[in-house]
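Pulled from TrEMBL:
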type     : residues : note
REGION   : 661-685  : region 'Disordered'
TRANSMEM : 46-64    : transmembrane segment
TRANSMEM : 76-95    : transmembrane segment
TRANSMEM : 107-127  : transmembrane segment
TRANSMEM : 148-168  : transmembrane segment
TRANSMEM : 188-207  : transmembrane segment
TRANSMEM : 267-285  : transmembrane segment
TRANSMEM : 305-325  : transmembrane segment
TRANSMEM : 337-355  : transmembrane segment
TRANSMEM : 594-615  : transmembrane segment
TRANSMEM : 627-651  : transmembrane segment
Amino acid sequence: CFGFPLSIFFIIVNEFCERFSYYGMKAVLTLYLKHFLHWGDDFATAIYHTFVALCYLTPILGAIIADSWLGKFKTILYLSIIYTIGQVVLSVGSINELTGGSANNLSVNIALSMIGLVLIAFGTGGIKPCVSAFGGDQFEDGQERQKSTFFSLFYLAINAGSLLSTIITPIIRASQCGIHTKQECYPLAFGVPAILMAVALVVFVMGSKMYKKVKLQGNVMLDVSKCIGFAIKNRFRHRSKEFPKREHWLDWASEKYDKKLIAQTKMVLKVLFLYIPLPMFWAVFDQQGSRWTLQAASMNGDFVVNPILIVFMVPVVDSLVYPLIKKCKLNFTPLKKMTVGMFFAALAFVASALVQVQIDKTYPVFPAAGQTQIRLINLGAFPATIQFQPQLGSVDVGPKNDTGYMTFETSKLQSLHIISSTQNKTETLKLKDKNRYTLAFKWALTEINSNLTLDNITSKPDNGKSLIRFINNLGFPVNVTVDDIAFGRLDPFSISNYILGFFFFRSYTINASMPLANCLARSKKFGYGSAYTISLDNCITSRLSIEYFEDLPPNTVHMAWQIPQYFLLTCGEVLFSVTGLEFSYSQAPSNMKAVLQAGWLLSVAVGNIIVLIVAGTSAIQKQWAEYVLFAALLLVVCVIFAIMGSFYTYIDPNEIEAQFNKEEKEEDKKEQDDNEKEAEVDSRM
C-alpha cells in the first residue's frame with residue numbers, strides 16, 4: 001500500500017492505542033498517588049519515577065524472550081494480555097467504595113494499585129523493544145526510505161495517542177463519580193486506557209496473517225554474554241607480554257566462538273558504549289510527568305502542550321528541516337542530531353528554572369518558627385483602629401475591609417485593643433507558633449462582636465483547586481450551600497470550615513437558607529490556588545449580599561509561560577528520540593535488533609533512577625536551582641556525547657553479515673570439494 005507493507009498499518013494503529021492507554025494512565029498517576037492515596041509530593045514523585053524506571057528496565061526481559069524463545073509476535077501478544085489485565089486491576093483499585101469510602105483504610109486500594117502498576121510495567125516494558133523492531137522487520141532490503149518514514153509515522157502514532165489521552169483522561173478524572181461519596185473519577189480515568197489497551201490487543205491479532213515473522217536465531221543474549229565473558233577471561237589468562245596483542249579485545253574469544261558472532265557483538269558494544277551518556281537526557285525529559293506537572297499545579301490555566309507540539313514538529317522536521325539541511329550540504333548525521341537534541345533539552349530546563357523563579361515570587365509567606373500571623377476583618381459599617389499589645393503598633397481598618405496577614409513574634413503579641421468612635425474592646429490572644437489567624441469584628445447595639453479563628457492553612461491549594469469558607473454576618477442562623485456542597489449551619493457571626501474544590505470552572509449558586517426563606521447569590525469564578533472568606537451580609541427579597549475577602553491570592557503566573565520550555569524539549573525529543581530509534585535499528589545486527597532496542601530503553605530507566613538519586617540526596621531547597629543543576633549536568637553530558645560521537649564509524653550490519661555469509665559459503669564449498677576429492681582418492685585405492 002503506497003510502497004509500504006500492509007502489515008505495518010496494524011502495527012501503527014496498535015501502537016497508537018497502546019500509547020493512548022499508557023500515557024492516559026500516566027497523565028493522572030501522580031495526581032492519583034497524591035490526592036486519592038494521600039501520599040506526599042516527594043513520595044508520589046518517587047513512586048512515579050520508580051514505575052517509569054521499571055517500565056524501561058523490563059525491556060531487557062522482553063528482548064530475551066522475543067529473540068530466543070517466543071519471537072516478537074508471540075511476545076507482543078502474551079505481554080499485551082498481561083498489560084491489559086494490569087490496566088483493569090489499576091482501574092478497580094481506584095474505586096473508592098472498595099473500603100467503604102474511608103480515606104483512613106486504603107490498604108486494598110494501595111495493594112491493587114501497586115499490583116496493577118507492576119503488571120503494566122512488565123507488559124509495556126516487555127513489548128517496548130519488540131514493537132518498533134517488529135515493524136522494521138516487515139520491510140525488505142532496498143526499502144530504507146520507506147523504513148525511515150515508518151519510524152517517523154510510528155513516533156507520530158505514539159504522540160497522537162499521547163495527545164488525545166493527555167487531553168481526555170484529565171477531563172474524565174475531574175468529573176465526579178462514586179456510589180456513596182462523589183469524588184474525582186479515577187476508576188473511569190483508568191478504565192478508558194484499559195479499554196484502549198484491549199482494542200490495541202484486538203487490532204494486533206487482526207493483522208497476524210499478514211506479518212512477516214523473522215525466524216528465531218537462538219538465545220542471542222546468552223551467546224553474546226558468554227562471548228564477552230570468554231574474551232575477558234581468555235585475555236586475562238594471556239596477559240603476559242609473550243602473547244601477541246590482537247586487534248580488538250573481543251578477538252580473544254575466537255578460540256571458541258565464530259567470527260560472525262564476534263563481529264556482531266562488536267557492533268552491539270560500539271552502540272551500547274554510545275548509550276552511556278544518554279540517561280541524562282531521559283532524567284530531564286521524564287520530569288514532565290513529575291516536577292513540571294507540580295510546577296503547572298502552582299500556575300494559572302489549563303494546558304496540554306508537548307503532545308500537540310510533537311505531532312506538529314515530527315512532520316515539519318522530517319519533510320522540511322532535514323531536506324533543507326541536506327540541500328545546504330551539511331553533514332547532519334544521526335549522532336549530531338542527537339547531540340543538538342540534548343542541547344535543546346538543557347535549554348528547556350533553563351527556561352523552566354526562569355519560570356520557577358517567577359512562581360516563587362508569588363508564593364505567600366507563612367509564619368516561621370517563633371512567629372504567628374493575624375489578619376483583621378472589619379465587617380461593620382464604621383472604621384476602627386486596632387492597637388497590638390503590648391506596644392506593638394496599631395493599624396486602621398476601614399468598613400468592609402481587611403488588613404491582610406501581619407506577622408508578629410508569638411511570645412510578644414498578647415492582646416489587641418479595638419477602638420471605634422463609640423466603643424472599645426480588648427481581645428486577649430493565646431496564639432500558637434507557626435499558625436495563621438483571622439479576627440473578624442463588627443459593632444452591635446451595645447458591644448463589639450468578634451471572632452478569632454485559626455485559619456489552618458499551611459500551603460496554597462494545588463491541582464487547580466480553591467478553598468472557600470463563609471462567615472455569617474446576618475443576625476440569624478442559616479444553612480449554607482454552594483450548589484450541592486453543604487457548609488453546614490452557621491450561627492450569627494460564626495465562621496465555617498474551609499472546603500476544597502474546583503471552584504474556578506464557573507460561577508456557583510450560594511444559598512443561605514432559613515426556616516421561612518432562601519437567600520441566593522451567584523459567586524464569582526475563583527482563581528487557581530486561591531482561598532477566600534465570604535461574608536454573608538444582607539438578604540433583601542431573597543437576594544443575598546456578599547463580600548469577598550482574599551485569604552490566599554490566586555496563581556498569577558499563567559501556564560502559557562511553560563510553552564517555551566515545552567517547545568524546546570519537544571525540539572530536543574524530535575532530534576534525539578526519533579533519530580535514536582532509527583539509529584538503534586540501523587546499526588543493529590539482524591538477530592540483535594530487539595536487544596539493542598532494549599539497551600536504548602534501559603537508558604530511560606537509568607535516567608529515572610538518576611532523578612530519584614538527585615532528588616533524594618540533593619540539599620538544594622529551591623526548585624529553580626534543581627532545574628539549573630539538571631540543565632548543567634545535561635550540557636556536560638552533551639559535550640561528552642559529541643566527542644564520543646565524533647569517533648564513531650557508521651556501519652551497514654547487513655553488508656558485514658553478507659560478507660561473513662559469503663565467506664561461510666566459500667568455506668563450506670571448499671570443505672565439500674575437499675571431501676569429494678578424498679572420496680575419489682579412497683575409491684581409486
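Cβ coordinates come from backbone N, Cα and C, glycine included.
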Next item on the list: Report the listed stretch (76-95, 107-127, 337-355, 594-615, 627-651) having the maximum count of Cβ pairs within less than 8 Å of the transmembrane segment (188-207).
Entry: 76-95
Item checked: Positions whose Cβ lies under 8 angstroms from the transmembrane segment (627-651), at least six residues beyond its ends -> 267, 270, 273-274, 276-278, 280-281, 283-284, 287, 291, 333, 335-336, 338-339, 342-343, 345-347, 349-350, 352-353, 356, 587, 614, 618, 620
Next item on the list: Please give the sequence-distant neighbours of the transmembrane segment (46-64): residues at least 6 beyond its ends with Cβ less than 8 Å from one of its Cβ atoms.
Entry: 26, 29-30, 33, 39, 75, 79, 117-118, 120-122, 124-130, 219, 221, 286, 289-290, 594-595, 597-598, 601-606, 608-609, 611-612, 615-616
